[in-house]
Amino acid sequence: MASLRKTHPILKIVNDALIDLPAPSNISFWWNYGSLLFLCLIIQIATGLFLAMHYTSDITTAFSSVAHICRDVNYGWLIRNMHANGASFFFICLYLHIGRGLYYGSYLNKETWNVGVILFLLVMMTAFVGYVLPWGQMSFWGATVITNLLSAVPYVGNALVQWIWGGFSVDNATLTRFFAFHFLFPFVIAAAAVIHLLFLHETGSNNPAGVNSNADKISFHPYFSYKDLLGFALMLLALTSLALFTPNLLGDPDNFIPANPLVTPPHIKPEWYFLFAYAILRSIPNKLGGVLALLFSILVLMVVPILHTSVQRGLTFRPLSQMLFWTLVADVLILTWIGGMPVEHPFIIIGQVASVLYFMLFLVLMPLVSWLENKALRKPIELA
């Protein structure tokens, strides 16, 4: 008689996705980040739910309700620190996951990749509206500056901004709707993640060699389930260490000051994980151009599969393309640094050069170098 997990309508789905799933035998720890992102999402939803029980989305009490959570609620300080730093870990795993996809050519699973880019945008939107909720100085001014960018949309820009604000400035209506969005989006992300997984299991995982692995598959459980558990343990260790020892390391000190519409902070900047995109936005003097560059800095990922010119899938055996990949990594780090710097010389020109290089790498240099590598691989013509 067949096992219940193989016959039960619901357990059968779980079995095919997490137990009897055939997986390539040679996938490295770079394939752990998908499950780590799932863990991050679970942590964020769980801690967020407990925070929502005590938080009030009203401009008169929002800031003090966060202080109340940290001071008066049992382990409220821990829940808040885990949630705030959990967001940072979410983005660390996300960037490493995307980097893995770019390095090993996982983007050639087009449906999986495109759903992944949509997931990335959803996570960014969720993090942005979440950052507004404590109603500190950086929350208020960050919301004002970023939502104001929509006024660059031709014809309907101003109406669009006022529609999102729910008035003529960032006010109580804005905070209330941002809280509603922040509560809703994680569940949308969870649903999109299931679709992401569904598309992945249509084709199966890629592997470091970038070749077809059908001849050498092993079951997901116990091999990769235990491997994932090790990843969980290491990430939870890192997250709890950060939340317990230096919880405010990645935050902005300005957000400990209650929001004041009459006083502008000296440097308005988003959380560290948005700085690379913020630097690209600031590097273009034109408002609409900056908004388009900001949007395209993420959407350029959707173009990557179309511009894949190599005969090989990954970068494992392509040293020139590897060099460009690590140039891209360095470029994103430079943009992250520039995004946190004031708008003055020499940071302006560094940001502009780094922004141009960012798009050049994706749209011109990588496809061109891949094409040249193809030429180098061709068998030389034998002279008679």
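Backbone N, Cα and C define each Cβ position, glycine as well.
Residues annotated as heme b b562 binding site in Swiss-Prot: His83, His182. As annotated by Swiss-Prot, heme b b566 binding site applies to His97, His196, with the evidence given as similarity to another entry. Summarising the annotation, Swiss-Prot assigns ubiquinone binding site to His201 and lists similarity to another entry as the type of evidence. If you look up Swiss-Prot, you'll see 33-53, 77-98, 113-133, 178-198, 226-246, 288-308, 320-340, 347-367 marked as transmembrane segment.
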| query | Are there three or more C-beta pairs under 8 angstroms joining the transmembrane segment (178-198) and the transmembrane segment (347-367), sequence spacing 6 or more? | reply | no
Row His97 (heme b b566 binding site), column other C-beta within 10 angstroms, all chains, value 20
Among 33-53, 77-98, 113-133, 288-308, the most Cβ pairs under 8 Å with the transmembrane segment (226-246) come from 77-98
Same-chain residues at least 6 apart in sequence with Cβ under 8 Å of the Cβ of His83 (heme b b562 binding site), in sequence order, are Gln44, Thr47, Gly48, Leu51
Maximum Cβ pairs under 8 Å to the transmembrane segment (113-133) among 33-53, 77-98, 178-198, 288-308 is reached by 178-198
By a 10 Å Cβ neighbour count, the lowest-scoring of the binding-site residues His182, His196, His201 is His201
How about the transmembrane segment (77-98) with the transmembrane segment (178-198) - do they touch, taking at least 3 C-beta pairs under 8 Å (6 or more apart in sequence) as contact? no
Here the Cα-Cα span from the residue listed as 'ubiquinone binding site' to His97 (heme b b566 binding site), rounded to a whole number of angstrom, reaches 17
